[in-house]
Amino acid sequence: MNLTILRTKTALEDWCRQKHNHEINFVPTMGGLHQGHQELIKTARSFCKRKHSSQVLVSIFINPLQFDLEEDFKKYPRTFENDCKIAYEAGANAIWAPSFESVFPNGEEAHFKIQVPFSLNKYLCGASREGHFDGVATVVVRLLALVRPNRIFLGEKDWQQLVILRQLINDLGLPVLIHSIPTKRDQDGLPCSSRNVNLSKEERKKVVALPAVLQQAAQAFQENKPINLNNMKTTLEEHDLKVEYLETVDLKNLNPVNHDESKLCLLAAAVHCGNTRLIDHGFLMKRNPIVAIDGPAGAGKSTVTKKFAQKLGLIYLDTGAMYRAVTWLIQENNIDPQNSSELELILNDINLDICLSNTGNQQVLINGKDITTLIRSPTVTSQVSLVAAIGSVREKLTSQQKELGSKGGLVAEGRDIGTAVFPDAELKIFLTATAQERAKRRAIDLKKQGFSTPSLSELEKQIKERDRLDSSREIAPLSKAKDAQELITDGMNIEEVVELLINIFREKIPQEVWPTNAT
């Protein structure tokens, strides 16, 4: 078994030094590895296939700071040899199994401790496990400081922990990307957990009622059927389970919500079966997610959104192509766009067909003619802002866009997606770059499409004028939605932007609700 075992801080530092040209994908565990850990390691390994100079490091460190009782710490499974075998078979390159002294030289009192914000700690597990998440956060920060990985892989089973660690990494500005994987379950539906080995056969039969009840609730919610938490609690108690909590909370801030008024929330539970405490959850979602990506011309929205759609299996809608199509038709028929009567006639007769797919491709047809390539010409580009500012055009196309997105499962890009078309989108992004950067990208696109290319200074001038027109028009001007996240892409390649977008998406939409494609 060609698996490197690291025991000390010095050994870790030497290994990292040897791999300084490699990206490190880090899977932190406390040992007792099971199928859930295997999936984490396999996912980390899949990134190595995309980036050949990547390494997978798995840590095994039973963290005493996160246990409520000394007895629980002593009872935690310690199966190091089996853990190494599981990690190796799943694709790990190295195991780091440090002592407490290696992680906290001179003892924990000699180091800073992290205190989790009360708002993230007062409900669910945090309400009854005082200091637990403080201990988790403290150790994770320490591990990240020692390993300095590019990515960290965490499971969605411990959703509260995942939310806390995401905010911790964001607040501290740590240079690591979080990748989450959906809860892995055994054949009977019970989520994989190191604690499952403590269940007797009879207890196991009882506790499977927990995932069954949660799954039934999620299905009922999707079908717009009522959910009664008290009835669910009674059902669990009838199976001899002691319910610690059963709550619906917001996915990100973890505050209680009325599930009847929510589009997407977490239904979480903790139960005691005999001497074993177990957690599980489900997600209540009424429709598939919508992502709105806005931004100025030349910011790379189309390229990025296509790849983003492919990765997530979302339908891709380029709303700018719809305005380009109308602009092309107006030019083709020599119509003055300011002539309202002529424009009304052409809008009434137009048959604009957008062929959508989750492959990132979009075909544009007008009255049966494929104009997908024609609408990208400089002639159309020079006039599309003027046409897009016309009220009757926006009204017709916005209505069509809303209809296309009525069932969700879609990512749309344009100028006013998050403000006018899909103001209730689960995720809103404002993708932008400097005018200089956008001019360079525009020049590359024009060359690829076989069009003549103006100078960079001329392209920059055109882009700034396009920005002015888009931002100053009376109807649906280009603007960042109040709840949108701005992403400036200067100096980033397409893959980096897409990976960052997926990470932002995962803060809103779990893998269990909408999984990432394996491609």
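Cβ coordinates are placed from backbone N, Cα and C, and glycine is handled just like the others.
Copied over from Swiss-Prot, here are the features:
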REGION    1-282  region 'Pantoate--beta-alanine ligase'
BINDING   30-37, 155-158, 192-195  ATP binding site
ACT_SITE  HIS37  active site, proton donor
BINDING   GLN66  beta-alanine binding site
BINDING   GLN66, GLN161  (R)-pantoate binding site
REGION    283-519  region 'Cytidylate kinase'
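Considering only the binding-site residues MET30, GLN66, GLY155, CYS192, SER194, GLN161 ((R)-pantoate binding site) has GLY155 as its nearest partner by CA-CA distance. Looking only at other Cβ atoms within 10 Å, the busiest spot among the binding-site residues GLY32, GLY36, GLY155 turns out to be GLY155. In this structure the C-alpha atoms belonging to LYS157 (ATP binding site) and HIS37 (active site, proton donor) are separated by 11 Å. Applying an 8 A CB threshold to same-chain residues 6+ apart, the list for CYS192 (ATP binding site) reads HIS34, GLN35, GLY36, LYS157, THR183, LYS184, ARG185, ASP186. Taken residue by residue with DSSP, the residue listed as 'active site, proton donor' is part of a helix. Cα separation, MET30 (ATP binding site) to HIS37 (active site, proton donor), rounded: 10 Å. A gap of 16 Å separates the Cα atoms of GLY32 (ATP binding site) and the residue listed as 'beta-alanine binding site'. Counting every protein chain shown, the Cβ of the residue listed as 'active site, proton donor' has 26 other Cβ atoms within 10 Å. Cβ packing within 10 Å was compared across the binding-site residues GLN66, GLN161, SER194, and the lowest neighbour count falls to SER194. The distance from the Cα of GLY155 (ATP binding site) to the Cα of the residue listed as 'active site, proton donor' comes to 8 Å. Between the CA atoms of HIS37 (active site, proton donor) and SER194 (ATP binding site) there is a gap of 10 Å. Counting in whole angstrom, the residue listed as 'beta-alanine binding site' lies 15 from SER194 (ATP binding site) by their C-alpha atoms. Across the region 'Pantoate--beta-alanine ligase' (1-282), the prediction's mean pLDDT works out to 94.
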